[in-house]
């Protein structure tokens, strides 16, 4: 049954409605077949998962409505698109869709108590109920099930067949006989992760990094773990605050499930959503989203986030990840202050300083400060918001939206192949820092985010970067971009009132060029209130097909695609 409804465009910024994508109180627990328009290439067959906030409002038992304030704290929901290859010549790709909230106990707790209680959040408590006393008795007696996976709000990134973790599924094969998808885990910017059934999307377990290694007890980590595109080994960091802020960079072997701590060093504690990986190195850049650990006592990341200080340089830590080298931290670099959510790629090049050194080239989406963290509240994202300053000013059109993100390339020159000080298990990183060179910035007028590329080029030099863009035409993303780093040219897909999410690159297995493939992105049609899975040619960003959902699909953060051939793309 269609949920299409008439939208009053007069109340939405630039007649570009997007509210439906931020508060989708809708699940599709049983897979339904979608109407497919156009031709989706057969090599895209597989499973596309998406995760992120599904809703931010809950009607309580006392007649009030509880509202989350920050987008990062919305109640997590997982989506699954099955792209089923043609059964015979002449038939087209079939697409099935199902979705499920992974936070039922969390939502029920809010419904009964009118609050999130002492739950840690990103943006802090949003709506404060003026009738809080009415809930006091309920808050003191109603507790969510201890260790409930559906109370955990982990849901920023997803990992397929994550190494080293226990499978909580009652089945030996979580997605059915013959499936390449054994386990599905949701991650967030702390040390916890949640297992989700890969077919039903039911949350079935929750754990943390201490199950990987007892020394990984720090509460903070990156949502974007990185995995070796060849071996599948997974890398991340773990940050502890006491007695001294300390980073532990670790690797989980895909072959054995064993975890090795590669380096331990002290550094300024910071909110680091992602990091870099090359063929031989893990690179942790402590950019200037610095944290005051005492602020966490107030229950949120934002309470701990310090004011941006451009007098303090960003620091890069280079960790050797080669097997049997055990060198740990091999070099540090510094550059002027900046902030970043998402890294893009990194690779190694020959150094002009001799065979014993290499250069590392690292690309990311950089910002000049951390102001965007506050702009990601629902007050600023909803197209119907009337909060002062929420709507982009007219002069921002074609000059970037509020984010002002840019593609930035750094060079870390003359990284020593052999560490000057052998790894001893506790490296303070106090060697003299080199200088990280800012080589280029691009696309600042497009304010791109959520970058992706052909996964075959991870840890290798790549030419094309794809991203959503925010040009100020809406209060959210307003297009998809392809950037050519060789020519500095960009292509853009954009349609009025169509709000896209992160694009996922699916390579053409018979292709020879870097941009042979398609992009998969979930788009909200703000006029109809319905979403669709859009398939764009990666060469020209022209639509080749779409699968239409009979209702809105919530704007997610990130996703992953698993090919029917069994090729599972690296985490990045």
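Quick reminder: no glycine exception, Cβ is built from N, Cα and C everywhere.
Per TrEMBL, the feature Fe cation binding site maps to 224, 273, 342, 558. Around residue 342 (Fe cation binding site), a 10 Å sphere centred on its CB holds 21 further CB atoms from the protein chains shown.
According to TrEMBL, the feature region 'Disordered' maps to 1-25.
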Residue 273 (Fe cation binding site) - helix vs strand vs coil (DSSP): coil
Neighbour count (Cβ, 10 Å) for residue 558 (Fe cation binding site): 24
Neighbour count (Cβ, 10 Å) for residue 224 (Fe cation binding site): 20
Shell of the Fe cation site beyond 224, 273, 342, 558, same chain only (C-beta within 8 angstroms of their C-beta centre): 156, 157, 222, 223, 274, 341, 343, 450, 557
Residue 273 (Fe cation binding site), number of other Cβ atoms within 10 Å: 18
